[in-house]
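Read the structure below first, then the notes.
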Amino acid sequence: MGMMKRQFEDVTRIVIKIGTSSLVLPTGKINLEKIDQLAFVISSLMNKGKEVILVSSGAMGFGLDILKMEKRPTNLAKQQAVSSVGQVAMMSLYSQIFAHYQTNVSQILLTRDVVVFPESLANVTNAFESLISLGIVPIVNENDAVSVDEMDHATKFGDNDRLSAVVAGITKADLLIMLSDIDGLFDKNPTIYEDAQLRSHVAVITQEIIASAGGAGSKFGTGGMLSKIQSAQMVFENKGQMVLMNGANPRDILRVLEGQPLGTWFKQIEEVTHD
């Protein structure tokens, strides 16, 4: 079977997910260059008539920077306080930098219960549609200050990989672009095996792929590759498509949309029916 060519000409609505590791430098300082490039790319896409929703982590990282804390607190209430401070700082910076490119942004903070209850789901769907129709970029994050992860009342999404897949589903996005600190999905862990090969296209998520995504405890673990595979499964359930790519250079998003084979493209093959 020949390689399927990536056709993104018809893609109008795009969800882009960026993680903390892309926004915060190893020193704990904010990666201003990255945020500026991302704002430029999204604004360029908006100017071309695309609709873009940004799912952004980073509240904790921004909060630690502002409060001059060396490491993430272990206490949940403190974590929530740090995230609460960081969320405002992050949105303030996004707002300023997007303004350079004449793009307006808004904030949507979600918890899982919002998308579980039909009434609140309808409301948040309408909010997205309304913002998009006004030419505004919704910036989405989990509402860390109120999210809880307890058995009887779980309102956390788990992480923003899953949140981005949920948002792509809610908004019926044509494409989810997940920016990561790795180049895509490999056939085995590239940090261990030098001969690991990047998978260019994944049409079916097999048990083998889930296994090769690695266990917890590595950057391929929780919030790592496994959650990205689970997100791809959600995208498939919603009949969508996803590209997992390295976020080192946000301008690569423009190259991906031109059909260049960067990262891993998750797209089911349409069933061809014969009479």
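One-based numbering along the chain as shown.
Quick reminder: no glycine exception, Cβ is built from N, Cα and C everywhere.
Owing to the predicted nature of the structure, the values given are computational and were not obtained by experimental measurement.
Going by what Swiss-Prot states, the substrate site holds Ser57, Asn160, and the candidate of Asp36, Asp144, Asp174, Asp183 recorded there is Asp144. A distance of 22 Å separates the Cα atom of Met225 (ATP binding site) from that of Asp144 (substrate binding site). Candidates Ser57, Asp144, Asn160 (binding-site residues) were compared with Ser227 (ATP binding site); those inside 10 Å Cα-Cα are Asn160.
The binding-site residues examined here are Ser57, Ser227; by Cβ neighbour count within 10 Å, the least packed of them is Ser227. The Cβ neighbour count for Asp144 (substrate binding site), using a 10 Å radius and every protein chain shown, is 21. Apart from Ser57, Asp144, Asn160, the residues listed for substrate, the same chain places the Cβ atoms of Thr20, Ser56, Gly58, Ala59, Met60, Asn141, Glu142, Asp159, Leu163 within 8 Å of the centroid of those Cβ atoms.
The Cβ of Met225 (ATP binding site) has 26 other Cβ atoms within 10 Å, all protein chains considered.
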